[in-house]
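Just below is one structure, and these are the notes that go with it.
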Amino acid sequence: MHDKTLTELAASLEAGEFSSRELCQAALQRIEQLDGGLNSFITVTAEQALANADAADQARKAGHAGPLAGLPLALKDIFCTQGVRTSCGSKMLDSFVAPYDATVVEKLGHAGAVNLGKTNMDEFAMGSSNENSFYGPVKNPWDVSAVPGGSSGGSAAAVAAGLVPAALGTDTGGSIRQPAAFCGITGLKPTYGRVSRYGMVAYASSLDQGGPMARTAADCALLLETIAGHDVRDSTSVARVVPDYSAELDTSLAGLKIGLPKEYFGDGLDPEVETAVRDAIKVYESLGAKVCEVSLPHTHLAIPAYYVIAPAEASSNLSRYDGVRFGHRCEDPTDLEDLYKRTRAEGFGEEVKRRILIGTHTLSEGFFDAYYLKAQQVRRLIRQDFLDAFDDVDVLMGPTAPTPAFDLGAQKDPVSMYLQDIYTIAVNLAGIPGISVPVGFAGNRPVGLQVLAPHFAEAQLLGVAHQFQQATDWHLKRPAFGKEMA
Amino acid sequence: MAIEHADVLRAAHLARVGLSEDEATGYVDDLSRILEMVDQLQAVDTQGITPLAHPLDATQRLRPDEVTERSQRDRFQACAPATEDGLYLVPRVVE
């Protein structure tokens, strides 16, 4: 069962080959036996999951099963789940039991999906390796000496190891796409505003977006059509009709215009990654697409602009953790200032503090114009690069990350870690959607192709990814990890 | 723009993050290198470019000024570290 895609499992449940209870029980067993070697889950909600699986089985018998009825999933531990700890990978929220569900959690519940638990992540989604979690690093199932990527590393590793067929992640600078690439799965960051952020713990509010991580583009389509849509509780969610993504997967690629940004194939790109990506692009040519080179001239400014804007927004968003209303509180505070300072010193990890300090510094008096305003102006230039490119081509393609997954502990310097996101970060600044699709290996570690499309062109993105997966079998490769277990 | 020890302590105080002198010293180096990387922005001519605050250039939607939430104080205070009689407890601020 664990090798099947979400779409296949849905068909099997519908055909009565097995029940949701059997399916979820098998998945929970895999988690119990295998996750000790990966650390991809922070919390497993077995009891609640089996009750929901039974409810889905009954709904199916009664003839009113939802589109995801009985299908097991996992949620990055950034999505609030009522009655279940929502830690965001932080000591600060280790004891926080959310009093409400995030909108996407509610929507998945209405569709009948069964949540098996909450996945590990870099603390407050700040990181590219999942090594910044209070709950310890996650390992990559393709090679347990490698990182799974981050910040949605737990979700990516859990899907890659067949613990769950799909999971939700969030992406502020590449946090769905890069771990998807490192773990050999398919991950979609939707357009900013496509999926509600209500109940999704905020990191950088003008960049954060939730999205699906699964084995195939078809599975991502199935999930996206469930979680997307306008939400009055998120003032930045967009009131726009949600297309039937699954129905649009089969659009032919004949005549599709693909742009290859020359800045995405420059210095620092691992040669094996480049080969795998260029081979994938040849497959697209054989399917009738036309390929040309384009330029996104402000690409080199994306990481500098991001490391002003994201920490600035984070320093503001994370000011809510004050030891008063929820979360960690220090022992025996002498006064209010001591309460704030010690609570936050104890509750936040090093990378989170680093970003709070940078954000606070760049927003402080005397620095605001030179940093924040300047970064926002550059952000417009970066977005304009994409808009100009999409005047000439339908989609852009390149590597998701410059290298395959690196070794645990290998990136010690924060700035070199930040540079890992060189191809993904501009996409968040521009707000456009992007998907990472597995296209091969560099040694024993997977390589992802990133495909980008204009705002709200998720249907095209998913179709382009799906057509590739119809013609190739990279998405069907499974790691040796956990293979011995049925 | 370099960052100095005093800047780190100032930011830590503004953000109410407790930091010892030694810890601050550790951050000076990290933050300096981050800001050095960020300083590439200064080389770009951005005269006349409107800052982009929202990736879709959208503005905040307005809604009627009506109460839509019901009071759920007990439920929300169940997450708090210390409450009494429906109030959040903090160290005494007024003698």
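A Cβ is built for glycine as well, from the same backbone N, Cα and C atoms used for every other residue.
Please treat TrEMBL annotations as automatic predictions, because they have not gone through curation.
These come from TrEMBL:
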- A:22-462: domain 'Amidase' (DOMAIN)
- A:Lys76: active site, charge relay system (ACT_SITE)
- A:Ser151: active site, charge relay system (ACT_SITE)
- A:Ser175: active site, acyl-ester intermediate (ACT_SITE)
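Everything TrEMBL records as a feature, shown here on the structure.
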residue: A:Lys76; record: active site, charge relay system; Cβ within 10 Å: 31
residue: A:Ser151; record: active site, charge relay system; Cβ within 10 Å: 35
residue: A:Ser175; record: active site, acyl-ester intermediate; Cβ within 10 Å: 37
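Residue pair A:Ser151 (active site, charge relay system) / A:Ser175 (active site, acyl-ester intermediate) shows a Cα separation of 5 Å. For the recorded site, A:Ser175 (active site, acyl-ester intermediate), the DSSP three-state label reads coil. Note: the Cα of A:Ser175 (active site, acyl-ester intermediate) and the Cα of A:Lys76 (active site, charge relay system) are spaced 11 Å from each other.
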